[in-house]
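Here the structure comes first, spelled out in structure tokens, and everything after it is commentary.
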């Protein structure tokens, strides 16, 4: 990193700035890089067919020998989902809490990377030392156990990364360690990187304990079957649902691979506790009274292939909605998922279920702190410089305002873009330069093989349709021997558009005869002539621009 001086610490992100997801941050001092998280981002609607988005790891691959380790703040997908794709390109040790490592272990096994990866479980009191830098941890509260903030000690000063956090004073699990945070602040912090997700919420975030009370209220009041959907990674929420089921004499059936895996890991690590006979097999749910059954499932985000979506649209093999069923959405829609969640809720209502959802029911709370919690973090850590992370630009902007309210000068606050490098030393900080960054699209097993041109083609196909032009040409005599024939898919209904098709065929035929008179032998030129002739004609007649695919056969 030539633009950073030898006595400066560099801080940068490959993902997570100006967006929700693909959180990947790094602290570099000279030849030592400490990597923090490697997450995925869920695609927005215009990314047709894309499964996930990860950062461009080019800089990390080129500097693999400098990476001392990857440190995980917690086990959510937007923080660990990219790790298998990163580890295909670099061989580095991974450090994290026992739950995060447990979730990651399953993920690496699926990708065939478990044997080659060195996994290290850390606790709050551990310190990982390298030649020039060291990494320590402090316990935070989030919507998943084993969440940590990270302190990277470098010669110019300490860099603190909060991870995702809230201050819950009646938590289900262990409370955040405010004492240690205050000690870190007292020792001195050069720069704070802090979670900006809920910076537009002026209040404290509701306690997870209050959600638990609402869950118990639902279980006491509902007589029929309860179908409960939430994030599989929200272990505390799963424990509270299971407790409510047990206390009300219900058995629990689990649907969804990620949910089954999370419960298995939670039980193994002691985060989920229940009597041995609590869980039942899938084939038992229809043999038991409705008021004795709870179904715990995935699909709270309206994912098309998740259990709840298939229940809602009637395609699930083992569960169909019965009169008296109550479906609980214990989540809020991730940006981009609002339409699919609404669709699922409507389908459930149409099928005859009662649906409990939304903020009025206190059945979900965020794992991210609001403004008062963000200000508390700022006052505990007391950084010299501040860099808001993990949020869209407006969230980062609001977080800077909170920082200035807490006494940090505005010129000491930096709203960064992915790839920009913040160079820090003593009383000085500046954006020193930029490294390669961007997005890599994952589609099935393909990684990075989907570019903007492919996405553009998918958009055209989805919105405008496809017209295939098939023509046979005798290249000896330069004459059309058959065709042109037109095939439409998603553009017009052929039987009802005979005049349009006939006119288009005649247009292409007349133009190709002129092309043949020039004795053209280049396939690409002939195809371009067909496209350039047909496209304006179709737009004039239909005001649509379908994708045109010429197929030329030589006779």
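Cβ coordinates come from backbone N, Cα and C, glycine included.
For the Zn(2+) 2 site, Swiss-Prot lists 78, 79, 390; matching the candidates 164, 168, 474 against that entry yields 164. The Cβ centroid of 364, 365, 366, 367, 368 marks the substrate site; residues of that chain outside this set whose Cβ lies within 8 Å of it are 143, 166, 198, 205, 206, 332, given in sequence order. Summary: among the binding-site residues (365, 366), the fewest other C-beta atoms within 10 A of the C-beta are counted at 366. If you count neighbouring Cβ atoms within 10 Å for each of the recorded positions 164, 195, the highest count belongs to 195. Take the mean position of the Cβ atoms of 74, 76, 142, 164, the recorded Zn(2+) 1 site; other residues of that chain with a Cβ within 8 Å of it are 73, 75, 79, 143, 144, 147, 163, 165, 367. Here the C-alpha separation of residue 164 (Zn(2+) 1 binding site) and residue 195 (active site, proton donor) works out to 6 Å. DSSP assigns residue 195 (active site, proton donor) to a strand in the three-state reduction. Within 10 Å of the Cα of residue 366 (substrate binding site), not one of the recorded positions from the list 74, 76, 195 places its own Cα. DSSP assigns residue 142 (Zn(2+) 1 binding site) to coil in the three-state reduction, outside any helix or strand.
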